[in-house]
Amino acid sequence: MGQLVSFFQEIPVFFQEALNIALAVVTLLAIVKGVLNLWKSGLFQLLMFLILAGRSCSFRIGYHTSFESFTMTIGGVFHELPALCKVNDTYNLVRLSHNSSLALSVEYGDTGTVMCEHGHVVSGNYTECTGASEEYNWVLDWVLRGLQHDFSRDPVICCEPKKKTNAEFQFRLNLTQRHKGDHYQNKIKTALTHLFGPFAYNEKDPKIFVTMRNTTWTNQCVMSHTDSLRLLASNGGNSFSGRGLKAFFSWSLSDSTGVDMPGGYCLEKWMLIASELKCFGNTALAKCNLKHDSEFCDMIKLFDFNKNAISKLNNNTIEAVNQLTKTVNSLISDNLLMKNRLRELLKVPYCNYTRFWYVNHTRTGEHSLPKCWLVNNGSYLNESDFRNEWILESDHLISEMLSKEYQERQGRTPLTLVDLCFWSAVFYTTTLFLHLVGFPTHRHISGEPCPLPHRLNRHGACNCGRFKRLKKPLVWYKHH
């Protein structure tokens, strides 16, 4: 009833469009011709029954939806931050930046070549050991803070200085248990696992030394932006206690220069994913602006904020990197840090903000809001683990598309007009078939012309009594 009322209200509007006029003409012709066919068929009551019976339509979904994924990299955004990667279970590398040719190796082993009796004891200043190399100084500071080393309470760090005859410096952390309640070894081991990922650990032959030395970067392992995020999160505790809740962090969108744009914009492909995959533009950003409870939205805001921050920095010095670090630490919410820490401690699948999956409609190109591809035991889950979730997401995507299409159609063409056109076409097709088939409408005397008024009964006589009972054979005739 509501559709009928809205239809009459929109009569002056829909005739302005050619499509609506064509639909109206087709509807009118189909109805008139259908009524004529119905009249000629001789079975009006049956036709009305066929029209009124079984007016239902089913719509199946899933034919044009596919399960797809993409991988993010932030090398172009965090190009000034160290990049971590693991070569094997005992050898790790920290690249000074994403564009640097220098690196810091972190070895976890059972032997150490640096002795405190012959070397220097590090108390927070690395200049004497690194040869006043500012790049290595701040990288060492980041790594040691990421390992949660406390210079005031933890065992001392020994180093072998960089000399003219020896271009290599070495730092050594002794993880030997000093007393029964000493948890320094477990703390460093947990921090290494958090920074570089899980590694094989033999309880019978434990590693008791961590050695760090300068080296060169020659693509020994594959970098991932997850490592940079882990290092940022590990260093976040240093500024966490001194910062308060700020009101400037909101979910409003802006352009590349920082100008507020509530409607959102399309992020560049190079910043998110490779050009051959998919650029998530206004659609995904608009969804994040309305509902920002997913990891994908967190990463988009993190990318966007740091892109603006990096473009406003004047140089690539240590002060600029520290400023960026504090900005990122302020950006990452306490809930985000706590959630990932708890998931790691509970050993349940967690999000590493690297790979995301989404449901894509192959015909229209519309897609759902990407969700994180979970990781468990250092490896991505199988596609089958997301089956129920992505089927449900597919249903939501179809429902959203149908709702959007309904609103657009109702705005341009009244839905009732489309329904009338459809059912009138069904009506015309049905009556045309009945007209072609035809139904017997009266009796004839076999082998003779039809007598008027030719309404004969089964005895061959007219029902009105004009003719006598002829008792001749009768046949049914169709009247066309």
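Our numbering is plain: 1 for the first residue shown, then up by one each step along the chain.
Backbone N, Cα and C atoms are what each Cβ position is placed from, and that goes for glycine too.
Going by Swiss-Prot, these are the annotated features:
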- HIS442, HIS444, CYS450, HIS480: Zn(2+) 2 binding site (BINDING)
- CYS85-CYS221: disulfide bond (DISULFID)
- CYS266-CYS279: disulfide bond (DISULFID)
- CYS288-CYS297: disulfide bond (DISULFID)
- CYS351-CYS372: disulfide bond (DISULFID)
- GLY2: N-myristoyl glycine (LIPID)
- 2-17: topological domain 'Extracellular' (TOPO_DOM)
- 34-58: topological domain 'Cytoplasmic' (TOPO_DOM)
- 59-419: topological domain 'Extracellular' (TOPO_DOM)
- 441-480: topological domain 'Cytoplasmic' (TOPO_DOM)
- 18-33: transmembrane segment (TRANSMEM)
- 420-440: transmembrane segment (TRANSMEM)
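Mapped onto this structure are the features recorded in Swiss-Prot.
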residue : record         : Cβ neighbours (10 Å)
CYS85   : disulfide bond : 19
CYS221  : disulfide bond : 17
CYS297  : disulfide bond : 20
CYS351  : disulfide bond : 22
CYS372  : disulfide bond : 19
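In this structure, CYS221 (disulfide bond) belongs to neither helix nor strand by DSSP; it is coil. The disulfide-bonded residues shown are CYS85, CYS221, CYS297; of these, the one with its CA atom nearest the CA of CYS372 (disulfide bond) is CYS297. The closest partner of CYS297 (disulfide bond) among the disulfide-bonded residues, by CA position, is CYS351; the full candidate set was CYS85, CYS221, CYS351. The secondary structure of CYS351 (disulfide bond), as reduced to three states from DSSP, is coil rather than helix or strand. Cα to Cα, CYS351 (disulfide bond) and CYS221 (disulfide bond) are separated by 22 Å. On the 0 to 100 pLDDT scale, the model's mean across the topological domain 'Cytoplasmic' (441-480) is 57.
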